[in-house]
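Data block below; observations after.
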Amino acid sequence: MIYENLQNSRIEEKTQEPGKAPSQSFLWRILSWTHLLLFSLGLSLLLLVVVSVIGSQNSQLRRDLGTLRATLDNTTSKIKAEFQSLDSRADSFEKGISSLKVDVEDHRQELQAGRDLSQKVTSLESTVEKREQALKTDLSDLTDHVQQLRKDLKALTCQLANLKNNGSEVACCPLHWTEHEGSCYWFSESEKSWPEADKYCRLENSHLVVVNSLEEQNFLQNRLANVVSWIGLTDQNGPWRWVDGTDFEKGFKNWAPLQPDNWFGHGLGGGEDCAHITTGGPWNDDVCQRTFRWICEMKLAKES
């Protein structure tokens with residue numbers, strides 16, 4: 001179209017008469033050509049700007065796409081690592097479960113063995129209980145027999161004493177007992193707690209010694225020769241009392257200074273509820289479970 005306009009312009013120039021000025025139509029066409037050129041340049045610039053913007057956005061999109069791909073690759077790697085870790089944990093759990101099953105089976109077998117052992121123990125306890133009861137019966141019979149033998153021995157001892165005195169009937173103490181002022185005394189060579197010593201004397205048809213006077217105290221003190229020995233005095237069941245029922249409050253006393261004190265600082269539990277003769281002679285209260293020597297006493301009796 002531009003070309004046709006130029007051609008038309010040239011034809012008009014040739015047809016114009018010489019010596020005349022260009023017409024107003026020609027000038028208008030020149031101006032139209034300029035506008036068209038400027039429009040084309042503007043349009044080109046606009047297209048260039050659009051292309052630049054699109055190119056810039058495309059570059060940004062490519063960068064964003066690269067970032068997304070990198071993020072996706074990183075996330076994929078992490079997910080793969082997590083899956084591998086989960087697989088490893090699953091294997092460990094399976095091994096742990098297998099081990100637990102083995103342990104449970106072992107414990108089940110041990111429990112069964114324990115039940116069997118418990119039944120055996122119960123059976124053994126029953127057997128031991130029966131044997132213990134039989135032994136107690138035998139021990140009771142044996143104790144009665146020993147006591148009878150002691151009586152027989154005492155009778156023989158007294159009969160021997162009677163023969164030595166030309167048949168005169170005399171009072172006598174059992175063998176290895178010491179006679180003093182109408183009583184027989186037996187001084188132990190071993191040590192026992194107060195309850196065990198009390199039991200021993202009762203089995204001998206006697207009791208732990210009861211000190212009734214200063215004279216008896218001096219006799220015992222001289223015979224003991226500085227040996228600590230239990231006597232038949234206790235307050236385990238209330239106030240102090242003698243084992244043979246002798247009135248303690250009205251009777252002879254020989255406590256050491258500041259005694260009895262019922263001391264709790266010995267660390268053995270409880271107080272001090274049993275009395276003994278000290279090495280110097282005075283009495284002292286002490287823990288009944290301590291072990292000392294002891295003295296048994298019985299009244300002198302005649303045997304026919």
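Each residue's number is its place along the chain shown, starting with 1.
Just so it is clear, glycine is given a Cβ too, placed from its N, Cα and C backbone atoms.
Same-chain residues at least 6 positions away in sequence with a Cβ under 8 Å from that of CYS184 (disulfide bond) are, in sequence order, CYS173, PRO174, TRP177, THR178, SER206, GLU297, MET298, LYS299, LEU300. Residues or ranges marked as disulfide bond in Swiss-Prot (evidence: sequence analysis): CYS173-CYS184 (among others).
Secondary structure at CYS201 (disulfide bond), taken from DSSP and collapsed to helix, strand or coil, is helix. Residues within less than 8 Å, Cβ to Cβ, of CYS201 (disulfide bond) and separated from it by at least 6 positions along the same chain comprise TRP186, HIS207, LEU208, GLY232, TRP294, CYS296, GLU297. For CYS201-CYS296 (among others), the entry in Swiss-Prot reads disulfide bond.
Other Cβ atoms within 10 Å of the Cβ of CYS288 (disulfide bond), summed over all protein chains shown, number 21. Per Swiss-Prot, the feature disulfide bond maps to CYS274-CYS288 (among others).
Annotated domain 'C-type lectin' per Swiss-Prot: 172-298, in sequence order, evidence recorded as sequence analysis.
Listed in sequence order, the residues of the same chain lying 6 or more apart from ASN74 (N-linked glycosylation site) and placing their CB within less than 8 Å of its CB: none are present. Residues or ranges marked as N-linked glycosylation site in Swiss-Prot (evidence: sequence analysis): ASN74 (among others).
The N-linked glycosylation site annotation in Swiss-Prot covers ASN166 (among others) and is backed by sequence analysis.
What Swiss-Prot records for 1-35 is topological domain 'Cytoplasmic', and it gives sequence analysis as the kind of evidence.
What Swiss-Prot records for 57-304 is topological domain 'Extracellular'.
Annotation source Swiss-Prot lists transmembrane segment at 36-56.
Cβ-based crowding with a 10 Å cutoff singles out CYS274 as the top-ranked of the disulfide-bonded residues CYS173, CYS274, CYS296. Mean pLDDT for the topological domain 'Extracellular' (57-304) in the predicted structure: 85.
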